[in-house]
Amino acid sequence: MASGPGKGIGIHDLSFATTEFVLSHAALAAYNGTEIGKYHLGIGQESMSVPAADEDIVTLAAAAAAPVIARHGSENIRTVVFATESSIDQAKAAGVYVHSLLGLPSAARVVELKQACYGATAGLQFALGLVARDPSQQVLVIASDVSKYELDSPGEATQGAAAVAMLVGADPALVRIEGPSGLFTADVMDFWRPNYRTEALVDGQESIHAYLQAVEGCWKDYSGQGGHALEEFAAFCYHQPFTKMAYKAHRHLLEYCGHDSGKDAIEAALGHTTAYNRVIGNSYTASVYLALAALLDQAEDLSGRPVGFLSYGSGSVAEFFAGQVVPGYRAQLRTAEHRAVIERRRPLDYADYRELHERSFPTDGGGYPTPVQTSGDFRLAALHGHKRIYQRR
Ligand code: HMG
């Protein structure tokens with residue numbers, strides 16, 4: 001079932017970045033009086049990444065992609081696909097700033113993709129097609145998002161932010177993406193963000209229901225097209241708006257397929273995939289690929305085993321597909337670096353988090369330098385004449 005030429009096409013390298021700051025759910029619970037068990041067990045979250053005043057989807061994306069470029073160079077990258085639903089401009093692709101910050105070749109195309117949390121999976125599929133057409137080319141797929149809900153709303157506990165950069169090419173070192181894909185689209189208003197709003201609107205219970213319907217729809221299409229049987233998969237990487245959602249989704253899938261949906265079966269399929277999302281929070285387009293990073297970084301040797309991916313984006317579009325883990329992948333992992341980007345975050349108290357949440361740039365075209373809060377390589381230095389000014393340290 002491997003697709004494409006030679007040894008297949010897929011994810012050759014994967015690196016992620018997250019924010020300067022972190023807010024613990026314990027701090028949120030102390031402020032709003034929620035029983036902490038609701039956060040730790042009920043939604044399965046411990047903390048959320050919070051961007052500094054001088055961080056955004058561009059700085060996160062550049063930080064995620066820089067190690068990939070440092071390892072592989074950029075001479076074969078002819079396409080950059082930037083997937084996000086927290087876009088900073090209605091016209092210019094955020095990836096163009098990243099292209100410039102990282103000094104990528106001018107002989108490249110750069111484009112931004114959007115369909116809620118699903119966008120990066122569309123990017124990955126488009127990348128597979130480009131590489132199939134010319135296997136000497138590589139595609140840099142970046143998923144970068146900041147998840148922001150209204151203060152004091154039920155969604156507040158499911159915020160987060162991160163970016164994942166994936167180098168897609170022929171003869172990949174990590175995961176060979178297989179066909180077929182199971183696809184599902186339904187017009188639902190479970191979660192959306194009109195252009196005039198900085199915070200998403202959501203119907204929480206409807207969104208959970210819509211996600212479960214999409215799981216069912218994708219699986220039906222996937223198996224109808226002759227994909228793997230459920231029991232063949234070593235693990236499942238789900239989109240994780242909060243980690244408990246992956247458990248709900250997998251239980252739903254097991255029940256739909258008439259399989260044992262007991263705790264042990266679910267834990268065996270998902271246990272290794274939630275570690276990063278549990279402490280980062282919802283990173284929208286990046287979330288399913290953070291699940292993959294956590295799986296590869298923590299599981300026993302998965303060489304040659306198929307992994308299932310379920311990518312869901314509200315609104316809604318979803319896709320189920322399989323990837324086969326490439327023998328020798330463990331030598332390519334960035335486990336220590338991934339743990340370090342999580343551990344280096346500085347804890348915020350609730351008042352400082354609230355101040356950052358309420359912060360926005362004036363819209364009058366004046367010059368507004370940002371306070372220096374980040375310590376990483378890339379920062380948003382100012383907004384000046386309606387233009388974002390970025391800096392590489
Ligand atoms: P809520 O009203 O705050 O919480 O909404 P709840 O009352 O539904 O409780 C949550 C769980 O905690 C329940 O468990 C409670 O029983 C449990 P469940 O019944 O679901 O198994 N609980 C406790 N457990 C242990 N000890 C306790 C305790 N108290 C309660 N003391 C909700 C929760 C997730 C709806 C809310 O946070 C929200 O609206 N979040 C945003 C929407 C969202 O994440 N939806 C997920 C599906 S849609 C999606 O994934 C797409 C998305 O990423 C966007 C995109 O695609 O771009 C969001």
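A Cβ is built for glycine as well, from the same backbone N, Cα and C atoms used for every other residue.
Heads up, TrEMBL stuff is auto-annotated, nobody curated it.
These figures come from a predicted structure and were not determined experimentally.
Pulled from TrEMBL, these are the features on record:
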ACT_SITE  E85  active site, proton donor/acceptor
ACT_SITE  C117  active site, acyl-thioester intermediate
ACT_SITE  H239  active site, proton donor/acceptor
BINDING   Y149, K248, N282  (3S)-3-hydroxy-3-methylglutaryl-CoA binding site
DOMAIN    7-171  domain 'Hydroxymethylglutaryl-coenzyme A synthase N-terminal'
DOMAIN    181-254  domain 'Hydroxymethylglutaryl-coenzyme A synthase C-terminal'
DOMAIN    267-326  domain 'Hydroxymethylglutaryl-coenzyme A synthase C-terminal'
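Positions of TrEMBL features highlighted on the structure.
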| residue | record | DSSP (3 states) |
| --- | --- | --- |
| E85 | active site, proton donor/acceptor | coil |
| C117 | active site, acyl-thioester intermediate | strand |
| Y149 | (3S)-3-hydroxy-3-methylglutaryl-CoA binding site | coil |
| H239 | active site, proton donor/acceptor | coil |
| K248 | (3S)-3-hydroxy-3-methylglutaryl-CoA binding site | helix |
| N282 | (3S)-3-hydroxy-3-methylglutaryl-CoA binding site | coil |
Y149 ((3S)-3-hydroxy-3-methylglutaryl-CoA binding site) to H239 (active site, proton donor/acceptor): how many Å between their Cα atoms? 18
Cα proximity to E85 (active site, proton donor/acceptor), best match among recorded positions C117, H239, K248, N282: C117
Least Cβ-crowded entry, counting other Cβ within 10 Å, from the recorded positions listed as H239, K248: K248
How far is it from C117 (active site, acyl-thioester intermediate) to N282 ((3S)-3-hydroxy-3-methylglutaryl-CoA binding site), counting Cα to Cα, in Å? 10
At the level of the C-alpha atoms, what whole-angstrom distance separates K248 ((3S)-3-hydroxy-3-methylglutaryl-CoA binding site) and H239 (active site, proton donor/acceptor)? 12
So the record assigns Y149, K248, N282 to (3S)-3-hydroxy-3-methylglutaryl-CoA. If I measure every Cα pair among those residues, what is the longest distance in angstrom, as a whole number? 22
Model confidence over the domain 'Hydroxymethylglutaryl-coenzyme A synthase C-terminal' (181-254), averaged pLDDT: 97
Would you mind listing, in sequence order, the residues at least six apart from N282 ((3S)-3-hydroxy-3-methylglutaryl-CoA binding site) in the same chain with a Cβ closer than 8 Å to its Cβ? M48, S147, T158, Q159, G160, Q240, P241, F242
